[in-house]
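For reference, Swiss-Prot has these:
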- 10-30: transmembrane segment (TRANSMEM)
- Cys21: site 'Involved in tetramerization or stability of the tetramer' (SITE)
- 35-55: transmembrane segment (TRANSMEM)
- Phe44: site 'Selectivity filter' (SITE)
- 82-102: transmembrane segment (TRANSMEM)
- 131-151: transmembrane segment (TRANSMEM)
- 160-180: transmembrane segment (TRANSMEM)
- His174: site 'Selectivity filter' (SITE)
- Thr183: site 'Selectivity filter' (SITE)
- Arg189: site 'Selectivity filter' (SITE)
- 194-214: transmembrane segment (TRANSMEM)
Amino acid sequence: MDMKKYAAEAIGTFWLTFAGCGSAVIAAGFPQVGIGLVGVSLAFGLSVVTMAYAIGHISGCHLNPAVTVGLAAGGRFPAGQILPYVIAQVCGAIVAAELLYIIASGAPGFDVTKGFASNGYDAHSPGQYSMMACFLTEVVMTMMFLFIIMGATHGRAPAGFAPLAIGLALVMIHLVSIPVTNTSVNPARSTGPALFVGGWAMAQLWLFWVAPLIGGALGGVIYRWLSEEPTGVVAGAKAA
C-alpha cells in the first residue's frame, strides 16, 4: 500500500471540495461583490490546476472517483488501486465539507438545508431540471472530462500543459451545468456536502455516483479506442 498516494488524493480532494464548494457557499452570493456562477466555475477549475501541479507527480491527482474509474477503463490505471483511491477521495471531501459547515455556520442566518452546494434534480435542481436531464448532463459532462484528461496526459501531448487543459475543462463544465445539477461530475465532491444537508440530498446522491461513473468509464474507453493506445496498464498514471 502506498499511503503517500492515498494521502495526496485525500488532501487534493479536500482542496477541490473546500475551495469549489466554499466559493459557492461563502462567496457566490455575497452582497454586491458576490462571485456568481462564473466565479464558482473558476474556483473549481483553479482548485484542480493548483493541485495538479502540487500532487500530480505523487498520485496522479485524480481527486475524483469518476476520473479514477475512467483512467482504469482507459488502460491508464491499475484496477486494483481503484478502491483505496476512491476511499481517500471521499474521506477528503467529507473533511472539507465538515470544515466548510463549521465556517459557514458562523454567519447569521446560515441554513444548511438550503443546499450547501449540494447536487440535485427535479425540485432540487437550480433550474428544476428533470431527473433524466440531470442524468444525461452528468454522463456527458463526465465523459468529455475524461476524454480531455486522457488526451491532455497522453504521451504525445505537449508536456506541462495538462493541468491547464484539465482545469479549463472543469471551468467549462461548470459554466454549462451549474444551472442543471449544480455540477457534480465527481461523486466524492457530491458526497461531502450531501452528508451535512441530509434528507433530499442523500436521497438523490445515487445519481451523482452512477452518472459520473458511467460517463467516466465511457470517456476512458472511447479515448483508448480513438488513440489506439497500448492495452497494458501503466501503474501510477497521472490524471493531471
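FYI, residue positions are counted from 1 along the chain as it appears here.
Cβ atoms are placed via backbone N, Cα and C, with glycine included.
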* Asked: Are the transmembrane segment (131-151) and the transmembrane segment (35-55) close enough that 3 or more Cβ pairs fall under 8 Å, when only pairs 6 or more apart in sequence count?
  -> no
* To do: Any chance you could find the range in 82-102, 131-151, 160-180 with the most Cβ pairs under 8 Å to the transmembrane segment (194-214)?
  => 131-151
* Structure fact -> The answer for the transmembrane segment (82-102), taking Cβ pairs under 8 Å and residues 6+ beyond its ends, is 1, 5-7, 9-18, 21-22, 25-26, 59, 62-65, 68-69, 72, 112, 116, 187-189, 191-193, 195-196
* Structure fact -> Between the C-alpha atoms of Cys21 (site 'Involved in tetramerization or stability of the tetramer') and His174 (site 'Selectivity filter'), the distance in angstrom, to the nearest integer, is 12
* Taking Cα-Cα distance, which of the recorded sites Phe44, Thr183, Arg189 are within 10 Å of His174 (site 'Selectivity filter')? -> Phe44, Thr183
* Could you tally the C-beta atoms, other than its own, that fall within 10 angstroms of the C-beta of Arg189 (site 'Selectivity filter')? => 32
* Structure fact -> One finds that other Cβ atoms within 10 Å of the Cβ of Thr183 (site 'Selectivity filter') number exactly 29
* To do: Tally every other Cβ atom lying within 10 Å of the Cβ atom of Phe44 (site 'Selectivity filter').
  => 25
